[in-house]
Amino acid sequence: MYASREDIGYDFGDDSKVGSKPIKPNPNIDGGWAWMIVLSSFLVHILIMGSQMALGILNMEWLEEFNQSRGLTAWVSSLSMGITLIVGPFIGLFISMCGCRKTAIIGGILNALGWILSAYASNVHYLFLTFGVTAGVGSGMVYLPAVVMVGQYFQKRRALAQGLSTTGTGFGAFLMTALLKYLCIEFGWRNAMFIQGAISLNLCVCGALMRPLAPKDVVSEKYIVRSNSEDNQAKALSHSAETIKSNGVLSEEPEKKEDATNEEVLDSVQHIEIGGKSRSGRNMYGLRILKTVSQLTVTVRKGFAMWYSSYFGAASLFTNRVFVAFIIWALFAYSSFVIPFIHLPEIVKQYNLSSQNNLFPLTSIIAIVHIFGKVILGIISDLPCISTWNVFLMANFTLVTCILTLPLMQTYVSLAVVCALIGFSSGYFSLMPVVTEDLVGTKHLANAYGIIICANGISALFGPPFAGWIYDITHKYDFSFYISGLLYMVGIIFLLIQPCIQKKQSREKSTEEAQV
C-alpha cells in the first residue's frame, strides 16, 4: 500500500543532493547512550502512565473519605490523565525554549509536588487543583520529552525503541497498583500519596539522563540515501511532508537576521562588561544580570518563534493534510481503547461470568498482551521490507473490528480472545511517534506529537463520560462500543483518504510540470 518509512519521512530535499555529502555516523545514534534514553523513557512510562492506570485504588479511598458522588470523584483521575496529554502543544513550547532535559526535570518536580500537596486534601475540589492540574501538568512535561528523545536518538530501530520504552505503561500498571494498594493498607491513602510523591522525584533523574544531541549529531534528513523501491503512495506522503519543509525555508533568512541581531546585543553587553572592569563591583554585578537577562530573552524569543511558526506561521504543521487527518484520527482513537477498561466489569457481571473473571480478569489480559503487542509490532515495523504506515493501519483495523464485535461475545473464552486481540493491536501506540516523525520530520516532532497527544487527551477526557451518557439513554452497553467503534472507523477513513488525495495532487503537479 505504501512504501517504507524512509521513503515517507526522509525524502524532503532535492534528489540531486541525496548522498552527495558523506556523514560520519554518531555512535550514540541507534546505540551507545541511545539505550540509556530508552531506559529513561521506560521508567517515565512506569512512573507516570503506570501510576495513572492504578488510580482506581485511590479513587476508592477518596469515595470513602469525602462521601461524594462517583461521577464527581472520578473527575480527579480523568483530569490528571486528560491534562497530561492535552498540555502537549504547550509543552512543545517549553521544549523549544529549554530543551527536553530541563523541561523533564521541572516536570518531575511539579508532578511530585502535586502528589505531596494532594496528601493534605480536605475535599475533592482541592484534589482537582493539586492532583488533577498540578500533577497532570507535571506529568505532561516529562512524558512528551521522553517520547521525543527516543525519536531523536534512533533512526533504524525507532519502532523497536519506542515499543520497548512504552512497555513501561503495562509494567507500571501492575507495579503501581500493587504498590499503592500496599501503601494504602499499611499507611493510609494520605501517607501513600506523600510516599508516591517522593518516588516521583525519580522523574528528575530520568530527565537528567536525557542528554541532548549536539546540532551536528542530529540525524540529518537531507542526506539520507533513499530506498530504490519507491512507489506512488510514498511520493504522496513525501509531498505532504515537503509542504512543511518547503514552507519552513521561507523563514530561514529572517531567523538568520534575527540571530545576528541577538548576537550583536550580547556582544555589546560583553563589551560593556569588559570596559567596566575598573568600575565598582556593584556595577559589574548589574552588567552580569543584564547579560543573563539578554541571553534568556534571546532563548525565549527563539523558542517561541519556532513554536509559533510550527502552528501558525508559513511552516505550519496544519498545512500538511495527512497530518491533519492524523489529528482527526487521534480525536476518536484513544477513547475506543479506554472504554473497554470501564465497561468490561459490568458486561462480565451482566453475563454471569464474574467467577471466571475473578480468576483472570479480562482487563489484565488486555494489559499483558498490550506489552507484547508494542514490542512485536515495533520489531515488525523495523524490518526493511515492511512499512510502518501499513503496520499502523492494519493494527487500527484489527482494533476497531474487535471493538465492534466485543458486545456480541457472551462467553468468557470468546471475550478473552477478543480482549487479547484488543491488547495486541493497541500496541500501535508505540508506532505513533514513528508515524508522526515520518510525516513531519525530526525537527517538528516535539510540536507535532504534542498536538497528537493533545487530541488523545481530549478523547480520553470526554470519551468515557460520553459512553456513560449513551448507557443512561439506552440502558445497554452495546451502543457505547458500536458508537465509539464507528467514530473510530471515521478517523481511520480519514487516514486512508488524505494520502490518496495527496497522490492525485502530486500526479497533477507532475503532469503540469511535464507540459511546461
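Cβ coordinates are placed from backbone N, Cα and C, and glycine is handled just like the others.
All TrEMBL annotations are machine predictions without curation.
Annotation source TrEMBL lists transmembrane segment at 33-55 (among others).
What TrEMBL lists as domain 'Major facilitator superfamily (MFS) profile' is 37-503.
Sequence annotations record features per position, and here TrEMBL assigns transmembrane segment to 75-96 (among others).
Here TrEMBL flags 103-121 (among others) as transmembrane segment.
Positions annotated as transmembrane segment by TrEMBL: 127-148 (among others). For the transmembrane segment (127-148), same-chain residues at least 6 beyond its ends with a Cβ under 8 Å from one of its own Cβ atoms are 40-41, 44-45, 48-49, 52, 62, 75-76, 78-88, 91-92, 94-95, 100-101, 103-104, 106-115, 117-118, 121, 162, 165, 203, 206-207, 210, 433, 445-446, 449-450, 453.
Long-range contacts of the transmembrane segment (160-180) within the same chain: residues 34, 38, 41-51, 53-54, 56-58, 146-147, 150-151, 153-154, 192, 196, 367-368, 370-371, 374-379, 381-382, 427, 429-431, 433-434, each at least 6 residues beyond the stretch ends and with a Cβ under 8 Å from a Cβ of the stretch. The transmembrane segment annotation in TrEMBL covers 160-180 (among others).
Per TrEMBL, transmembrane segment is recorded for 192-210 (among others).
As annotated by TrEMBL, transmembrane segment applies to 311-339 (among others).
Annotation source TrEMBL lists transmembrane segment at 359-377 (among others).
Remote same-chain residues near the transmembrane segment (389-409) are listed as 1-2, 5, 8, 237, 329, 333, 336-337, 339-340, 347, 373, 377, 380-381, 415, 417-419, 421-422, 424-428, 431-432, 435, 438, 477-478, 481-482, 484-486, 488-489, 492, 495-496 (criterion: CB distance under 8 Å, separation of at least six residues from the stretch ends). Taken from TrEMBL, the feature transmembrane segment covers 389-409 (among others).
Within the chain, the transmembrane segment (415-436) has long-range Cβ neighbours (under 8 A, six or more residues past its boundaries) at 5, 147-148, 150-151, 158-159, 162-163, 165-167, 323, 326, 337, 340, 344, 347-348, 353, 360, 362-363, 365-370, 372-378, 381, 388-389, 391-392, 395-396, 398-399, 402-403, 405-406, 409, 445, 448-449, 452. Annotated transmembrane segment per TrEMBL: 415-436 (among others), in sequence order.
Taken from TrEMBL, the feature transmembrane segment applies to 448-467 (among others).
For 479-497 (among others), the entry in TrEMBL reads transmembrane segment. Beyond the transmembrane segment (479-497), the same-chain residues lying 6 or more positions past its ends with a Cβ under 8 Å from any Cβ of the stretch are 322, 325-326, 328-333, 335-336, 339-340, 343, 393, 396-397, 399-400, 403-404, 406-407, 463, 467-468, 470-471.
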Cβ-Cβ under 8 Å with the transmembrane segment (359-377): same-chain residues at least 6 beyond its ends:
53, 159-160, 163-164, 166-167, 169-171, 173-174, 340-341, 344-345, 348, 391, 395, 415-416, 419-420, 422-431
Looking only at the domain 'Major facilitator superfamily (MFS) profile' (37-503), what is the mean pLDDT?
78
With Cβ-Cβ distances below 8 Å as the criterion, list the same-chain residues six or more beyond the ends of the transmembrane segment (103-121) that contact it, or say none.
44, 48, 91, 94-95, 127, 130-131, 133-146, 190-191, 193-194, 196-198, 200-208, 210
Under a Cβ pair cut-off of under 8 Å, which of the recorded stretches 33-55, 75-96, 192-210 contacts the transmembrane segment (448-467) most often?
75-96
